[in-house]
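Pulled from TrEMBL, these are the features on record:
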TRANSMEM  54-71  transmembrane segment
TRANSMEM  78-97  transmembrane segment
TRANSMEM  103-124  transmembrane segment
TRANSMEM  176-196  transmembrane segment
TRANSMEM  233-253  transmembrane segment
TRANSMEM  297-319  transmembrane segment
TRANSMEM  339-358  transmembrane segment
TRANSMEM  379-397  transmembrane segment
TRANSMEM  409-427  transmembrane segment
REGION    475-496  region 'Disordered'
COMPBIAS  487-496  compositional bias 'Basic and acidic residues'
Amino acid sequence: MLSKEKLRLSRPFNQNLVVGAMLFCLPGMYSAITGLGAGGGKPSSLEVANNVNAIIYIFLAFGSLVVGFVLHKLTPRICLIIGAVGYPFYIGGLWYYDRSGNSWLVYVSGVVSGISGAFLWTTGAYIEFCYPEEKHKAMYISIQWALRSVGATVGASIAFGSNFEATAAVGVSTGVYIAFILIQSAAILIAALLIVHPSKVVRDDGSHIAIFPKKSLVAELKGMAVAAVDPRYLILAIPMFCCEMALGLLSSVNSRAFNLRTRALNNLMFNVIQMFVPPLLTKVLDSKRIASRRQRGFLGIAITGTIACGGAAGLVGWVEKNGFDDSSAPRAWDWTDHTIWVPMLIIYWCFGTTYAGYQMVTEYTLSSTTNDPDKLSKVAGLFKFYSSLGMFLSFILGGQGVVFRGQSTLQLILYFLGSIAIVYILWRKILETNYFTESNVIVPHDVEEKMRVEGKIDDEVLRSEEEKERLAAAQAQSKAAAGGKGVDVEGVREVS
């Protein structure tokens, strides 16, 4: 039986779980409708769907940079509420377009959901980067990914079940759209009721995660600029850029190659595999048997990088073998066409593994560069900026009719270069631990004790940690007394 301590909202694990529940409702359903291709509509809707998705991701990209430096001012709760609003509006726009043929609302909803998504994704990445102890970094990333994938699988199952007999190239039913909108709307309440201020987040050992100095927006903006030109993040721009591109390319191929029920099944398989990849990858990246954080990262990128390159190369071969490309007329192939569909199913599993696994290793590497919440808010913004630019390019290429062979080849090259970039950063720029190197971060008690026993820290360091915990506790009490409105404690200042 779970104790009250395990159920308290202020636990880092539970806050991450709440964000995972939101991802179940929001991008989970979004991925399900996007994975059907053409926004769930007819093959003729592909151009509009690609253009709208491009709009979403360009606004999401630049919006993420803004969220990166306003997150602490607005607080994660407000950011997540804003982040939840745009998704049901987007599904409603797709529904209206599929039924009326008028595209204006879906374009407007693309702008709204792009801005909204920037708040959701940047804040979610911030929480999964910032709240865990170093030994649990991969687990927190995995939880968000797994719950999002469960949501996408549920959504894909709804679409598959309602379209099982749909062998023609048509759009999805009204019931599917309504179900998705209702599920997504629930996320607004989840954010409003269950997210707490970061200063109130307390580990199981009683320690806070950090102190949160009061900073002006100008200082926050300068911090974002510093992070943007940091060589580590410039090098990691390549894997950040390409880590989500699998979804854009596959949705275009799916919409033109298969009938609706096969599209729905492909989409289901793409999402099912993602439920299992993150937990399995966590056993590598958080493994206690592999002491070195670098070595765990090397093994993770070796596995996911190989699968990513293999999937992209396989798609090039599939397109060539079947004489199928973007300029081809929609084929409406069915899963009964085994020689065509079975190879694509394997490719779908590879790309699903890549979409979750390659991205997870990228996030793990980013989160290993620092434990400082102030810096990690900027890192989260940069991550969503680059990954959204990659998706923007993917949908632009699809919308402009660039041949699938060319798109697949580009992704193959990017996955390869991105893998090299991650290996380099792990090798040259990642420390085995960042604890005791960052003045605002509070070190977990078990790490303190281990380092003390090993003689790696002295009493002065321990006293410094006690003082930081005192300041963090006072800050949390002040915010609670002020109703969480952001009042800062006297003496809590920026530490350079």
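FYI, residue positions are counted from 1 along the chain as it appears here.
The backbone N, Cα and C atoms fix where each Cβ goes, and this holds for glycine too.
Since we're looking at a predicted model, the values are computed, not measured.
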**Report entry** Outside the transmembrane segment (379-397), six or more residues from its ends: residues with CB under 8 Å to it
**Finding:** 50-51, 53-54, 57-58, 60-62, 64-69, 71, 118, 121-123, 125-126, 129, 224, 227-228, 233, 237, 240-245, 247-249, 359, 362-363, 366-367, 369-370, 406-407, 410, 414
Report summary line: Near the transmembrane segment (54-71) in space but 6 or more residues beyond its ends, with Cβ under 8 Å, are 79, 90, 107, 110-111, 113-115, 117-119, 121-123, 126, 217, 220-221, 223-224, 227-228, 377-386, 388-389, 391-392, 395-396, 399
Report summary line: Sequence-distant residues near the transmembrane segment (297-319) by C-beta distance (under 8 Å, 6 or more away from its ends) are 246, 249, 253, 281, 284-285, 290, 325, 343-344, 346-347, 350-351, 353-354, 357-358, 360-361, 364-365, 368, 404-405, 408-409, 411-412, 415-416, 418-419, 422-423, 426-427, 430
Query raised in the report: So which of 78-97, 103-124, 176-196, 339-358, 409-427 is most in touch with the transmembrane segment (233-253), counting Cβ pairs under 8 Å?
Result: 409-427
Report task. Would you kindly check 78-97, 176-196, 339-358, 409-427 and say which stretch has the most C-beta pairs under 8 angstroms to the transmembrane segment (103-124)? Result -> 78-97
**Report entry** Leading stretch by Cβ pairs under 8 Å, where the reference is the transmembrane segment (176-196) and the options are 78-97, 339-358, 409-427
**Finding:** 78-97
Requested in this report: Give residue numbers and ranges for long-range contacts of the transmembrane segment (78-97): same chain, 6 or more residues beyond its ends, CB-CB under 8 A.
Outcome: 19, 22, 25-27, 29-30, 33, 39-41, 45, 48-49, 52, 56, 67, 71, 103, 105-110, 112-124, 174, 177, 180-181, 184-185, 187-188, 190-192, 195
